[in-house]
Structures are given as structure tokens and as C-alpha cells.
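Chemist: Pasting the feature list from Swiss-Prot:
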type     : residues                             : note
ACT_SITE : His48                                : active site, proton acceptor
ACT_SITE : Glu75                                : active site, proton acceptor
ACT_SITE : His196                               : active site, proton donor
BINDING  : Asn12, Arg23, Gly197, Gly218, His219 : 3-amino-2-oxopropyl phosphate binding site
BINDING  : Asp14, His15, Arg50, His55, Thr105   : 1-deoxy-D-xylulose 5-phosphate binding site
SITE     : Glu156                               : site 'Transition state stabilizer'
Amino acid sequence: MTHSTRILLGVNIDHVATLRQARGTRYPDPVKAALDAEEAGADGITVHLREDRRHIQERDVLLLKDVLQTRMNFEMGVTEDMLAFAERIRPAHICLVPETRQELTTEGGLDVAGQEARIKAAVERLAKIGCEVSLFIDADERQIAASKRVGAPAIELHTGRYADAQTPTEVAEELQRVADGVAFGLAQGLVVNAGHGLHYHNVEAVAAIKGINELNIGHALVAHALFVGFKAAVAEMKALIVAAAR
């Protein structure tokens, strides 16, 4: 995984599938959303196949792998079932994430430092089939250093604490935490991505952090698309982050 010379936008389409699964219909189609996102300037498409299959389904992943013109960033938990599925479909990019059944969304970063042997085995297993692996972690030096030790070429820093911060002081502290994590990750030789909870009113400060390779954004795009359409929502976000990163 190489570091891009410009900031990239990864569009997460999970919540298009959430809307579909709410009624068990065939619409809206997350695959169509992915193709529209690509046309609007998305640099990649992110999907999370959860253990409980609450949104994205196996069929979505298989279709996306066949039709995407950019690339698929496949998010998955570190389970035997998901590792076996990944070995079957061989996505080029995989992001390992923590997962619990009761959570509304991914609530924190993967504890790499607390389970190095398990994560290292998964990274090595996926690397053998040609997958470039990133780890979704908190912006914490201990976790970043552990990610380097287990052999992951990339990390995605969890920006949820920044997104949830309420006061100006808290926002500044959490933004600095992300910036410090980016700098430490780069010093370790890692490609550094970021995401979670980012939207049109808070993304620019993160995009302006030097060294971030890609921002992965989903819920805010799907929500804004209700009013402006999906292509317009993606194009607007892409313009925001590119301008902020200059």
C-alpha cells in the first residue's frame, strides 16, 4: 500500500444497505450507490460485512468486487468465518476492525497491543493471498507501534472521539490527538488513513492534517444524499477535503 500524493476519499456505502435491510427490499442498491460515488470522484468504496449481516451482504461484496473501477476497502472482524470469506474472494484491500453485536456502529479501535499474536496471524494469512491490510485503531502510540510490529502496512485512525467532542477545548484536544497519531504513524513507516463520525462540518480540520492518505466517510454522505442526491453529496465532500488538504 503506497501513500497517495493527494488526499483520497473512501466512500462507505454501508448505510445504503441499512436502508434496504430495514424493509428487506431489493432497493436502494448499494452497488448502484458505489458506482454513482465513483462517478462523483470517490477514490475507493468501503464496505463492512458484519457478523450479524445488519447491512452489507455477501452478494453485495461479490458484485462490488466485479464492477468497481476504483478499489474496494473490505472491512471485517478478525474471525475465522471472515478470514475464510476473505480468502475466497481475495479483495485487494482489507481493514480489520473490532466488532460487537450490540453496538450501533464501530465504537472504538482494534486492540492490537492486547492481542498481537492473533492480529499478526490474521495479517500474515491475508498477506499470503495478496491482500494489503490496514488496522482500524485509536490514535494511540501504543496501538500504532503494535500495528507496525504485527506487519500491517497501513492503519486507519479512529476519529470518533474528535467527532463526538462537545466543547472547543475537547475538539482541539481530540484533533491534536489525531494529528499526533498521524505523525507517529508516518514515523513508523505506515500509510495513515482516518475516519469515523466525519461530516461536512468537522472534516476540514482533519483533512488539513499533513500526511493523511485517505478519509473514509459514510453516514454523513448517505444522510446528505437524501436532500441533494448521492453524486452531489460525494462531490461536495470530495471538494471539501481536497481544498482543506492543500
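Backbone N, Cα and C atoms are what each Cβ position is placed from, and that goes for glycine too.
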Chemist: Measuring Cα to Cα, how many Å separate Glu156 (site 'Transition state stabilizer') from Gly197 (3-amino-2-oxopropyl phosphate binding site)?
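Modeler: Glu156 (site 'Transition state stabilizer') to Gly197 (3-amino-2-oxopropyl phosphate binding site), Cα-Cα distance: 13 Å.
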Chemist: Which one is closest to Glu75 (active site, proton acceptor) in space, judged by CA to CA distance, out of the binding-site residues Asp14, His15, Arg23, His55?
Modeler: Asp14
Chemist: For His15 (1-deoxy-D-xylulose 5-phosphate binding site), which of the listed recorded positions (Arg23, His196, Gly197, Gly218, His219) have their CA atom within 10 A of its CA?
Modeler: Gly218, His219
Chemist: Using DSSP, would you call Asn12 (3-amino-2-oxopropyl phosphate binding site) helix, strand or coil?
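Modeler: Its secondary structure by DSSP: strand.
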Chemist: In whole Å, how far does the CA atom of Asp14 (1-deoxy-D-xylulose 5-phosphate binding site) lie from that of Arg23 (3-amino-2-oxopropyl phosphate binding site)?
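Modeler: Cα to Cα, Asp14 (1-deoxy-D-xylulose 5-phosphate binding site) and Arg23 (3-amino-2-oxopropyl phosphate binding site) are separated by 15 Å.
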Chemist: How many Å separate the two farthest-apart Cα atoms among the 3-amino-2-oxopropyl phosphate-binding residues Asn12, Arg23, Gly197, Gly218, His219?
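Modeler: Among the residues the record ties to 3-amino-2-oxopropyl phosphate, max Cα distance equals 25 Å.
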Chemist: List which of the recorded positions His48, Arg50, His55 have their Cα within 10 Å of the Cα of Gly197 (3-amino-2-oxopropyl phosphate binding site), in sequence order.
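Modeler: Near Gly197 (3-amino-2-oxopropyl phosphate binding site), where near means Cα within 10 Å, there are no recorded positions at all.
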